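Sharing a structure here in structure tokens format.
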Amino acid sequence: MLRHNFAAAAREVRFHPSRVIATIIAIAISVGFMAAVSVFLQTQREVMGKQLALPSSSADLVVSLTPNETATEEDVLKTLQNTEGVDEFSAVHNQFLPLKSPSRKVQMSSAYNLPSENFRWASLREGQWPKDDTEIAISPSLADDLDTKVGDELTAGDMKLKLTGITDDKPSMFFKPAYLAPADYSFGNTLLVSVSEGSDPESVATQLNDRLKPFANESGNEDPLARTSEQYQEDALTGLSSDFDAMRNVLLVFAGIALLVGMIIIANTFTILLAQRRRQIGLLRAVGATSNQVRARYLTEALLLGFIGSALGIGLGVLIAIIGSQLTGTLAWGISVPWGEVCVELIVGVAITLIAAMVPVLRTSKVRPLEALRPVATHEAEKRKKRARAVVCGLFALAAIGLMVGSMTIESQALPLAIAGAMLLTIAVLAGSQLYIPALIRVLGVPLRGRPAGNLAVENTLRNPARASTTATALMLAIGLIVTLQVGTATAEKTMSKAIDENNPIDLSVSATSMHNPQDGSLTGPKPLSESVQNELSTLPNVRSQVTLNGVVVNSGQYRQFIALGWDSKAVQTVHEAPEKIGDDVALVDDSQDDKEITLTGPSGSVTLKTEKSKYPQSYDQVIISESNLAKLGESQPMSVWLKLDNRDDVAQTLDPIGTIVQASPDKLDVSGSAFQAMILQKVLDNILLVVTALLAVAVIIALIGVGNTLTLSVIERNRETALLRALGMQRSSVRLMLLIEALLLAFAAALVAVVFGMFFGWLGINSLLTQIQHETNQTMSSSFAIDLPQMLAMLAITLLAAGLASILPGRRAVQASPTQALAEE
């Protein structure tokens with residue numbers, strides 16, 4: 001029987017591929033997503049492990065030690081020299097070093113001080129190794145990123161480094177080594193050790209551990225202090241594995257979403273296929289086939305489709321991982337396939353196909369023979385199902401509303417209650433789609449009813465409400481998640497930007513400050529901003545407005561020195577929500593000042609004012625007072641310039657010349673402000689949204705495949721009807737237009753519902769998160785709802801365009817056969 005069922009399933013796939021191809025593609029994409037995640041991350045983990053192992057690859061032992069208060073570097077070095085079995089050792093130090101090239105490109109490098117020659121893991125491809133602190137060698141990938149060559153001068157902070165060599169390190173997006181001149185051992189460095197011939201590395205490591213313990217701090221040390229290079233590499237890989245496991249788990253959440261959407265498509269496909277075979281099933285039952293035999297026949301078909309789709313998905317996933325590794329520059333290290341995980345993913349693909357097909361197969365196999373031969377279910381049966389669905393979905397919605405109201409009133413549990421409420425409401429919206437999607441399509445179709453193609457498209461879409469609703473459900477889920485994240489990110493960005501503006505309302509400020517002399521510990525008071533500095537600041541790019549504040553260096557008490565700045569009414573144009581003036585009895589001070597009053601003494605007099613904590617002072621030594629009070633203290637001079645930027649995203653365009661001005665100034669200048677923080681926030685949120693949207697796009701693609709699949713199966717089902725329309729004079733272009741309108745109606749209805757609920761869920765998530773944070777930190781925080789309209793419109797346009805493309809193949813199929821041939825088919 002099993003063999004017969006497999007043969008029947010294989011015949012169905014072979015002779016009717018158009019019926020099952022979309023299901024296979026949906027399974028392949030879902031499983032391919034999981035396989036790509038597993039293979040890509042396993043490859044990156046292996047490559048990172050190999051890269052971490054490189055510095056110790058030529059050593060037998062690795063020594064890492066945090067000293068106690070009495071230990072010296074000489075103690076450690078003498079211990080190694082006097083330990084039997086130690087042949088040679090060398091110090092190596094690693095640090096992250098930002099490098100800037102003459103072309104002004106900047107890259108972060110992993111810089112090593114060169115160990116002695118026997119411990120070096122890389123060779124030179126060009127040039128020579130650095131010999132002193134003014135030289136550096138870098139890897140080829142770093143040289144390409146910096147667009148630099150041997151002989152160029154690189155900048156690392158205040159250091160100027162001549163590029164003397166380029167190594168033969170393999171390319172990598174994440175690991176970009178650079179090499180500085182050899183350095184003597186100091187605490188914080190790692191010691192690479194080789195053992196003499198005939199010595200056992202583990203025995204030597206045991207001796208070193210015993211001898212080094214007297215110099216080690218009781219806390220903050222690795223255990224053991226000396227390890228074999230193999231053990232050191234395993235320990236490094238173990239720490240790395242936990243990071244990659246966390247990343248994999250996050251990515252698998254999105255793979256799970258893609259699987260869920262795929263299951264909806266598979267279930268819908270089997271529902272349509274079995275509905276089309278209703279008479280065939282009825283005949284099978286009439287000639288004696290049991291419900292178990294019918295069930296086994298179609299579950300075998302699902303099993304075969306699941307295996308084919310999953311196998312193709314594994315191949316697709318490996319291909320994507322190879323492409324991803326090429327883009328990250330790690331393909332040169334090879335591909336690592338976790339066969340255990342891949343086999344599990346193959347089984348999962350088959351299992352989700354069987355589970356998704358189970359409900360329609362079970363429902364069909366229970367139908368009596370005479371009932372199966374009847375064309376459709378009775379009207380009364382449909383009404384009963386609709387009432388039951390409305391009751392169940394209504395109960396879920398009421399429970400969701402209760403939980404969401406609770407999230408707004410019970411601050412300590414705001415986020416969990418909001419998540420639970422959102423989940424219940426999502427179930428209600430998706431499960432209840434048959435109750436409102438047909439009505440929504442009917443409303444959206446009103447403008448299209450003027451032409452035959454539009455009339456037929458609307459009626460065909462509404463002919464089978466369950467089919468249309470299920471197809472829309474998959475799109476609603478995928479698009480709704482993207483909209484939720486878009487709105488949540490935009491709301492979070494606006495809320496946090498507002499908080500940044502409130503806590504630090506000045507985009508950028510350049511102020512005079514005290515200069516510390518490291519030789520004698522003396523402190524030189526702040527000098528006024530020179531005329532040249534003011535002129536250069538006035539020509540900065542990307543600046544909308546600026547204001548210069550005059551000030552006087554004053555004393556408060558015996559040891560405190562401040563810069564008293566006079567408030568300028570022009571600050572209203574430059575500072576977030578700034579007042580036009582401040583009172584004559586108030587001094588605005590930094591949050592670190594706790595005194596209720598402050599007495600400021602200047603060259604010409606003194607004033608005593610009550611203090612008011614404010615965000616306007618840009619450092620602890622600034623006090624802002626009224627201009628009339630400033631005049632009492634002495635002659636004022638320019639001490640600070642506040643800048644408001646045109647575009648915070650381009651803050652680097654302004655900061656770069658400011659850095660040049662600060663370095664060139666003989667007087668100490670302090671740069672502060674919120675623009676850089678706001679830019680980092682926006683970049684981080686934008687990047688997170690971009691990655692998450694790309695991951696969720698897989699689910700959207702699967703859902704759009706479902707749209708094309710529904711149209712294709714609908715075309716097969718309406719083959720004779722389409723032929724009759726053609727025979728009555730309907731043109732091929734009108735048939736294609738009809739199917740295009742059907743696809744767009746389904747996609748637009750789904751997108752409309754997804755946008756409405758996605759916007760609500762995005763706001764709910766951020767609002768509940770802020771409510772809980774406010775409860776836990778006792779800080780007042782309020783969300784500011786925001787929508788990135790261009791981003792949302794772009795997503796909707798892409799969705800509708802993809803839906804239109806999904807109608808092309810069904811449209812071609814619908815007009816391929818001649819009317820007489822299609823009408824002659826039984």
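Positions of Cβ are set from backbone N, Cα and C atoms, glycine also.
Owing to the predicted nature of the structure, the values given are computational and were not obtained by experimental measurement.
Pulled these features from TrEMBL for this protein:
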{"type": "COMPBIAS", "residues": "510-522", "note": "compositional bias 'Polar residues'"}
{"type": "DOMAIN", "residues": "22-210", "note": "domain 'MacB-like periplasmic core'"}
{"type": "DOMAIN", "residues": "253-367", "note": "domain 'ABC3 transporter permease C-terminal'"}
{"type": "DOMAIN", "residues": "695-819", "note": "domain 'ABC3 transporter permease C-terminal'"}
{"type": "REGION", "residues": "509-532", "note": "region 'Disordered'"}
{"type": "TRANSMEM", "residues": "20-41", "note": "transmembrane segment"}
{"type": "TRANSMEM", "residues": "250-275", "note": "transmembrane segment"}
{"type": "TRANSMEM", "residues": "302-324", "note": "transmembrane segment"}
{"type": "TRANSMEM", "residues": "344-362", "note": "transmembrane segment"}
{"type": "TRANSMEM", "residues": "390-410", "note": "transmembrane segment"}
{"type": "TRANSMEM", "residues": "416-441", "note": "transmembrane segment"}
{"type": "TRANSMEM", "residues": "472-492", "note": "transmembrane segment"}
{"type": "TRANSMEM", "residues": "688-716", "note": "transmembrane segment"}
{"type": "TRANSMEM", "residues": "737-761", "note": "transmembrane segment"}
{"type": "TRANSMEM", "residues": "789-809", "note": "transmembrane segment"}
Okay, the transmembrane segment (416-441) and the transmembrane segment (737-761): do they have at least three CB pairs under 8 Å, pairs separated by 6 or more?
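Counting Cβ pairs under 8 Å (6 or more apart in sequence), the transmembrane segment (737-761) reaches the transmembrane segment (416-441), since there are 3 or more.
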Name the range, of those listed as 250-275, 344-362, 390-410, 472-492, that has the largest tally of Cβ pairs under 8 Å with the transmembrane segment (688-716).
250-275
With Cβ-Cβ distances below 8 Å as the criterion, list the same-chain residues six or more beyond the ends of the transmembrane segment (416-441) that contact it, or say none.
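Tertiary neighbours of the transmembrane segment (416-441) are 386, 389-390, 392-394, 396-397, 399-404, 406-407, 410, 458, 461-462, 465-466, 468-470, 472-473, 476-477, 480, 745-746, 749-750, 752-753, 757, 761, 764-765, 767-768.
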Do the transmembrane segment (344-362) and the transmembrane segment (390-410) share at least 3 Cβ pairs under 8 Å, sequence separation 6 or more?
no
When you look at the transmembrane segment (789-809) alongside the transmembrane segment (472-492), do they share 3+ Cβ pairs under 8 Å, ignoring any pair fewer than 6 residues apart in sequence?
yes
Report, as numbers and ranges, every residue of the chain located at least six residues beyond the transmembrane segment (302-324) whose Cβ falls under 8 Å of a Cβ in that stretch; write 'none' if there are none.
6, 9-10, 13, 20, 23-40, 43, 266, 270, 331, 335, 337, 342, 345-346, 348-354, 356-357, 361
So, by DSSP, how many helix, strand and coil residues make up the domain 'ABC3 transporter permease C-terminal' (253-367)?
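Helix, strand, coil within the domain 'ABC3 transporter permease C-terminal' (253-367): 101 helix, 0 strand, 14 coil.
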Can you name the far-off residues of the same chain, 6+ from the ends of the transmembrane segment (250-275), with a Cβ under 8 Å from a Cβ of it?
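Apart from its flanks, the transmembrane segment (250-275) reaches 19-20, 22-23, 26-27, 29-30, 33-34, 37, 41, 281, 298, 302, 348, 352-353, 355-357, 359-361, 364, 466-467, 470-471, 473-474, 477-478, 481, 692, 695-696, 698-699, 702-703, 705-706, 709-710, 713-714, 717.
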In the domain 'ABC3 transporter permease C-terminal' (695-819), how many residues does DSSP call helix, how many strand, and how many coil?
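For that range the per-state counts are 106 helix, 0 strand, 19 coil.
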Can you work out which residues elsewhere in the same chain, 6+ from the ends of the transmembrane segment (390-410), have a Cβ less than 8 Å from its Cβ atoms?
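Same-chain contacts beyond the ends: 417-418, 420-425, 427-428, 431-432, 435, 764, 767-768, 771.
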What average pLDDT does the predicted model assign to the domain 'MacB-like periplasmic core' (22-210)?
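Averaged over the domain 'MacB-like periplasmic core' (22-210), the predicted model reaches a pLDDT of 84.
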